[in-house]
Amino acid sequence: MTPIFFNQQYPTLVDICARWQLVYDANATFELRFESDTLSLHKRDEPKLDGIVVDFVTGAVAHRRKFGGGRGQSIAKAVGLKQGVMPSVVDGTAGLGRDAFVLASLGCTVTMVERHPVVAALLEDGLRRAYQDAEIGDWMRERMRLFHGSSLEALSKLAQEVDVVYLDPMYPHRDKSALVKKEMRVFQSLVGADLDADGLLAPALALATKRVVVKRPDYAEDLDGVKPNTVIETKKNRFDVYVKAAMK
């Protein structure tokens, strides 16, 4: 059971916390709120910080879907997306679902795996609103779903054939931008660093039929010390690609 603070007078919050086995704690560091049909996470000792929400419909994520470069984006190249090839993807470290959403918006079917119940609750709420949206709801229902569980367990238990496993383990950020600082400070204090991240590569390679893609900061070492087959570099990050078979 994960401790959380929330207004116990709100039936919606009571239901959400019961569903995700979140237990009320008056002294908890984090608070969940449900306002304007949106679930948000707040760090109680930093009240000036905005709440963290999962929003696939508006804001930066929607802007990237419309103007972000389509299949020319590095992440699309990394997973092998090309004309006539729409890989199925397991995102083993879903976080706020942004990379998963980019891949789904480009045509991939994506299963997001998230082990932390608070983050999973935020993802589910974001999916609920996206599924209801007139513009993106139809394809969101077809292409994006959530699997709550330990990444390691989930990757080994997912029975269906998966083309690509995508991993973006939590890594200490040097970036000083306000957004990264805010979200990473809140996120890392909520979920902690991915101390078992190296243990993800082997089950990911066992599950993926075509390739495993690992997103890393440009200064990070190779995951589990294993050299990738190819590397796609961006301004601040890189995608390490471990190829098992050709994309067809």
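Indices start at 1 and increase along the chain as displayed.
Cβ atoms are placed via backbone N, Cα and C, with glycine included.
The following features are taken from Swiss-Prot:
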BINDING   R98, D99, E114, R115, S150, S151, D168  S-adenosyl-L-methionine binding site
Which secondary structure state does DSSP assign to R115 (S-adenosyl-L-methionine binding site), in the simple three-class scheme?
coil
Residues near S150 (S-adenosyl-L-methionine binding site) in space but at least six apart in sequence (CB under 8 A)
R115
Using DSSP and collapsing to three states, where does D99 (S-adenosyl-L-methionine binding site) fall: helix, strand or coil?
helix
State the count of C-beta atoms found within 10 angstroms of the C-beta of R98 (S-adenosyl-L-methionine binding site), not counting that atom itself.
17
Taking the Cβ of D99 (S-adenosyl-L-methionine binding site) as the centre, how many other Cβ atoms fall within a 10 Å radius?
21
Which of E114, D168 has the fewest nearby Cβ atoms, counting only those within 10 Å, among these binding-site residues?
D168
